[in-house]
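Feature annotation from TrEMBL assigns compositional bias 'Polar residues' to 1-11. What TrEMBL lists as compositional bias 'Basic and acidic residues' is 24-34. Taken from TrEMBL, the feature domain 'Pre-mRNA-splicing factor Syf1-like N-terminal HAT-repeats' applies to 60-204. The domain 'Pre-mRNA-splicing factor Syf1/CRNKL1-like C-terminal HAT-repeats' annotation in TrEMBL covers 224-307, 442-537. Among the features that TrEMBL reports, region 'Disordered' is placed at 1-40.
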Amino acid sequence: MGDRGQTSVKNKQPAPMQITAEQILREARERQEDENYTAPAQKITDPEELAVYRLKERKYFEDRLRMSKFAIGTWLKYAAFEEQQRDFPRARSVYERAIGVDHRNTTLWLKYAEMEMRNRHINAARNVWDRAVTLMPRVDQFWFKFIYMEEMLGNVSGARSIFDRWIEWEPDDHAWSSYVRLELRANQPDRARGVFERWVQCHNQPRSWIKWAKFEEKQAQTALARAVYERAMQELDERDHTEEFFVAFAQFEERSKEAERARVVYQYALEALPKSKVAELHKKYVQFEKQHGERKGIEEVVAAKKRFQYEEAVKADPYVYDSWFDYVKLEEEMLSDEPELDELARCRDVYERAIAFVPPAPEKRLWRRYIYLWLRYAIFEELVAKDVQRARLVLAECRRVVPHEKFTFGKLWMHAAHLEVRQLQLPAARKLLGQAIGRCPKAKLFREYIQLELQLGEVSRCRELYQRYLQWAPDNCAAWIAFAELESTLGELERARTIFGLAVQQSALDMPETLWKAYIDFEIEQGDLERARSLYRQLLDRTSHPKIFGEAESLFKEQQLKDERVLILTAWREMEEGTGDAERLAAVAARMPKRIKKKRPIEGADGEAAGWEEYFDYIFPEEEAKAPSLKILEMAKAWKKQKTEHHVAAEEE
């Protein structure tokens with residue numbers, strides 16, 4: 001009994017015909033019905049069949065809604081079916097039931113009202129729209145369709161009353177614009193102005209005023225449009241004075257052929273608005289000036305744009321002094337030939353703002369560009385503003401700011417001194433330079449001071465300054481040379497020699513070779529070659545640098561002093577032999593001349609030939625290359641020597 005429910009396979013051999021999964025799927029697909037199959041059309045021929053059909057469809061929809069009553073699509077199909085059957089009470093019932101399920105569904109209300117409108121049930125449609133806008137007043141589509149229906153029916157007053165209801169909810173600009181267009185279509189411009197009046201009271205924004213002004217402009221009411229803009233300027237808050245508003249105002253004046261009014265609007269806006277919010281306004285202003293302005297006006301516009309850029313740059317990093325230089329250059333270029341006080345004040349304001357940013361650390365590299373701001377400021381006051389006293393004050397303040405105990409700027413003192421010289425105030429100039437070399441002596445200050453006195457012809461002062469210069473820097477070879485050259489220029493040769501002599505006796509010099517060369521060149525220029533030789537000997541005694549030998553050899557070569565040249569080369573060779581440098585020794589040996597014996601005529605006391613004498617001459621390598629005849633003489637000498645040797649050998653044999 002227990003095995004009755006169990007089955008067993010008696011024959012476990014494979015079936016003669018095997019069935020695969022692929023075969024099963026293929027047969028299932030082949031047995032499917034045709035995709036293009038459509039149910040046959042039903043043709044209802046009598047009221048009973050129609051009643052059966054309606055009952056069947058209604059039962060279908062009701063069953064579907066019982067299963068999912070929140071399926072709004074099913075409700076809409078159900079209502080559309082009842083509308084198709086022209087059973088409007090049932091259709092309304094379906095819509096009302098659906099509204100009871102989801103009264104916030106906008107599609108449901110739209111379909112409901114459209115059904116009533118489509119079937120010319122005007123009052124019913126009004127009722128639906130009224131309920132919709134009352135229930136959901138923020139859905140603009142309800143209002144628009146409600147108003148459109150009334151306007152299509154010719155009920156303009158009804159549409160107007162709907163708009164009045166709508167604007168009580170303070171809708172956005174689309175509603176107000178539609179209300180205005182309604183009044184214009186009804187040929188009621190005065191009512192449209194009333195709408196605009198309420199509009200700007202509701203939305204006191206620039207865009208509302210701009211739309212009102214453009215409306216008046218289209219109505220050819222230029223004065224009213226201008227009045228709207230002017231009223232907006234008064235009633236709008238300052239933060240609502242936007243770039244868009246001023247551009248619209250200026251372009252309106254431009255279209256009205258009021259170029260001067262437009263210019264005033266642009267200029268006021270550029271001054272009133274923040275610089276970061278006027279990019280488009282400035283662009284429009286440039287275009288306006290190119291069309292209506294003169295050259296100066298265009299330049300002013302471009303300068304205003306540049307000012308904005310420089311303001312942004314100096315605001316980002318006020319210690320980048322190149323930006324300040326560009327800024328003051330712009331302001332100076334914008335000055336007229338005879339600058340007005342306000343123009344000068346603008347330039348001074350930029351200068352004062354620039355010099356207020358003192359470098360943060362007392363390091364000279366940070367102060368180099370900063371000092372030029374002061375100097376340029378002083379030049380501006382002197383040459384442009386013609387205010388010399390103010391230029392003095394600028395330079396005095398600059399000297400006060402600079403930390404002279406750590407570093408100074410010679411150009412600052414010299415600029416102040418030159419200012420006094422140009423004003424013929426020589427005592428003041430000397431006093432300034434005296435303070436400079438007393439507080440912070442510099443080689444440049446001494447040189448400039450001496451040059452100034454030299455230009456004034458004050459030789460005695462120049463000598464005094466050179467003495468102070470050399471007391472402060474006795475190792476400065478340039479100062480010694482300049483002092484000696486001054487005396488040489490004045491014809492005081494002994495003074496010059498004395499100065500050179502004192503200079504070469506200094507224990508420490510920064511460029512001794514330059515000093516010695518200048519001393520030797522001085523003696524050569526004076527034609528005193530013996531002194532030049534003596535100086536070279538002194539120099540060779542002090543140093544054995546190859547450069548000294550080379551300079552001496554070059555000097556004697558130029559003077560064609562062969563004996564002295566040979567002595568120098570011999571001493572040079574001995575020095576190189578002591579150092580043991582083979583390459584340098586070979587280079588000196590290549591310069592050594594050849595000694596040859598020559599003859600020259602002897603003249604007696606009466607000027608007649610008295611015979612010949614032999615003497616030794618030197619042929620240097622460069623002379624040998626220029627005189628090929630010497631090679632012939634050498635060959636002849638070698639041939640003669642060879643012949644003599646053969647003759648001696650023959651006699652011995």
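Here the Cβ of each residue, glycine as well, is placed from N, Cα and C on the backbone.
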Practice task
Kindly report the helix/strand/coil residue split of the domain 'Pre-mRNA-splicing factor Syf1/CRNKL1-like C-terminal HAT-repeats' (442-537) according to DSSP, in that order.
Solution key: 75 helix, 0 strand, 21 coil
Problem - Model confidence over the domain 'Pre-mRNA-splicing factor Syf1/CRNKL1-like C-terminal HAT-repeats' (224-307), averaged pLDDT - result: 82
Completion exercise
Taking DSSP helix as H, G and I and strand as E and B, the domain 'Pre-mRNA-splicing factor Syf1-like N-terminal HAT-repeats' (60-204) has 114 helix, 0 strand, 31 coil
